[in-house]
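Take a look at the structure set out below.
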Amino acid sequence: MVSALDRKLLRDLRTLKGQVLTIALVVACGIASFVALQSTWHSLAVSRDTYYERYRFGEVFAHLERAPDSLGARIEAIPGVARSYTRVVEQALVPMPGRTTPAVATLVSLPGDRPPPLGAVYLRAGRMIEPGRDDEALVIDSFAQAHGLQPGDSVAAVINGKLRRLELVGIALSPEYIFTMAPGALTMDTGGTAVLWMDEAVLAPAFQMESAFNDVVLDLQPGASEPEVLRQLDALLAPYGGRGALPRAKQPSNFMLADELSQLEGFATTVPTIFLSVAAFLLYIVLSRVVHLQRTQIATLKAVGYRGREIGAHYLKLVSVIVALGAALGMALGAQIGSGITGFYGQFYRFPVLVYELQPQVIAGGVLISMGAAVAGALAAVRRIARMPPAEAMRPPSPPVYRRGVLDHPALTRLLGTSTVMVMRELRRQPLRLLLSSLGIAAAVGIMVTGSFGFDSVEFVMRDSFHRENGGDLMVNLLAPVPASELGTLAHLPGVLDVEGTRAVPVRFRSGPVWRDSSIMGLADEPRLRRIVDREARVVTLPREGLALSKKLGEILGVGIGDRVEIEVKEGQRRIYEVPVAALIDDTFGLQGYMHLSPLHALLGEDSSVNALQLRIDPLRAEELDLQTRLVEIPNIARVTEKRAVVASFYEQTGASMGVMSFVLGLFAAIIAVGVVYNNARVALSMRSRDLASLRVLGFTRAEISAVLLGELSVQLLVALPMGLLLGTWWAQGVMGSIDAETYRLPIVISKATYAQAVLVTLGAGLASALLVRRKLDSLDLIGVLKSRE
């Protein structure tokens, strides 16, 4: 049997159907964002972990100059090492059609008689290389897709200064190269960075590595001390040119992937929290006013024996129905969006299998969080009226105390009109109602700003910061440092307008137990092409003496200006120095150290030398110069990168993901804006319908009473817009603050277009709500509204 309160619930749902639907949509947006982002993050993390386990991704990695194979047994004897795998890893240049500069290839040896014990390859197409064949190679899938390569195609490769033709017999994936990045590169460049696997018996002789290796991968025993293994491995490899062992967490591809997933996890926590907080606030506003309108009904129910708990439970049922409707819609929508986002990330994360999975804990978490937020909003609204004695509740609320003021002067009424003065008077008498309504709209504006600012930040970094930092058109990395005087070789190439050299020194920064592998960048005293800029795109002048660090690196190491930091140089004699920190630079990319060239050379005890160059090219002659052919002929060149290719790659990797995320969140925010504004308008109509009907009876026209109600909505919008823009800026800071990125740190940039979009969508929502409310006003039942409720 249906109880009286349940029948009342059904009536309320019919009466409030428009508001129920819009609030359910707001809840659905919050749930959908939570489910989509959390399930995407979880699916990617599970796919990564499964990939690592099945294809035996190593736990410790080390590169060195050259060591005999006999050292492998001593490495495997280190306490805590389960197994080791030594190999040859080198670099080559691969000229490709359609590229101005050659691609950089990492050459990795494979044992000819067995699968590698660690870092196995997944064959996506074709076959494995045949032992002894000196012209066969596997190519990584991302490079093959970028250039349309298929098994049976061939590429030219400059291997140790000699041009060789390689037949690509298979297309492969590897857990070590989910992100294919050249050393020192900012982003993944699928078309400019290749990985080629060759038979060890072929690759080793090409680099004079017979019975030797220059790379080692370790798997550790359960419970092994990773720091101790790293320490002993470094000690073993030091005489052989070891460059510092890395744990899995610092392996470049895994580090990039973990950083991306960390950012996604931050979004998956912060953004749904904002959405669901707005939903709870909206429920509080709407339910508070519904309870206020039903004050007499509640008192009657209490008078006939219903307890406060039962009445409170009734309104919680109302909220539960709304949340259940929103949760069901949000779950379905979130699953679809999550599947789409996961597939989108699959374009960048090269997993053999990437399966989207909607986990039960995500579903349960979404329902519990939404219900918790809704109940919190409902309890605040119901508690006061549920505790009120029936006799008091049955009386209408005490009218507020009014006083004559400036707004009541007849001259002002004649000047502004009756409707305008009534609006101003009502807002003056109900400031709390104005504040709460404006806050609800402001939250919607803020969400739109938060959902869209990411693309603005990416655009600012690539349009201003990166171009100001890199004035050249080509960036050239050398295999070994050369005297600065040899820059004239490149400066005299036809079409080269300017050349500037820098010195990049690979180092390990250490402060106490904390360390990071990075480099010190030595810059010209008066740089023309390679400059340092901060996150605000301002050019930074380096101190004449001492070391400047990325601010983020200083935070990680726990050092400030005036402190000393230990530097272990990972080339040459591998000396260790202690230098004072002279400046902290809030830069955008990576974790770096910076010095002028002269003090850097003095610190290292070397003559003036450079190993990285920037070239400014005559744009009118760029096509005819054929720089790819000319640069490949220079034996000491390791990598050539076009600035425009870096920009395109950054947009592809970061801008695209930001664009998708911004579109989804912006769409949700627009729905929330409509829901908030429409609910405010409908609640205002419900609360003032008796007053407006009285005005109609007294002779006011439909346009005049519409002006009274919609005038209040207009003022709420005007108050809410600046509040919402400020709130959106603050939330954007919170979202960025939740992302702890070491690869790049986007500044908080919000364009005028983003602000304008948030304002226009909110005004559009206001206009649509005004039209709907005007239709309701036109059909207002004057007799029914003015009747006393018994």
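Residue positions begin at 1 at the first shown residue.
Placement of Cβ uses the backbone N, Cα and C atoms for every residue, glycine included.
If you check TrEMBL, you get these features:
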- 20-41: transmembrane segment (TRANSMEM)
- 266-287: transmembrane segment (TRANSMEM)
- 271-390: domain 'ABC3 transporter permease C-terminal' (DOMAIN)
- 315-338: transmembrane segment (TRANSMEM)
- 358-382: transmembrane segment (TRANSMEM)
- 434-455: transmembrane segment (TRANSMEM)
- 658-678: transmembrane segment (TRANSMEM)
- 664-776: domain 'ABC3 transporter permease C-terminal' (DOMAIN)
- 705-733: transmembrane segment (TRANSMEM)
- 753-773: transmembrane segment (TRANSMEM)
Taking contact to mean 3 or more CB pairs closer than 8 A (sequence separation of 6 or more), are the transmembrane segment (434-455) and the transmembrane segment (658-678) in contact?
yes
Tell me the residue counts in helix, strand and coil for the domain 'ABC3 transporter permease C-terminal' (664-776), as DSSP assigns them.
95 helix, 1 strand, 17 coil
Over the span of the domain 'ABC3 transporter permease C-terminal' (271-390), count residues by DSSP class, listing helix, strand and coil in order.
99 helix, 0 strand, 21 coil
Could you please provide the mean pLDDT value for the domain 'ABC3 transporter permease C-terminal' (664-776)?
78
List, by number or range, the same-chain residues at least 6 past the transmembrane segment (705-733) whose CB is under 8 A from its CB atoms?
274, 419-420, 422-423, 426-427, 434, 437-450, 453, 677, 680-681, 684-685, 688, 692, 695-696, 748, 750, 755, 758-759, 762-763, 766, 769-770, 773-774, 777
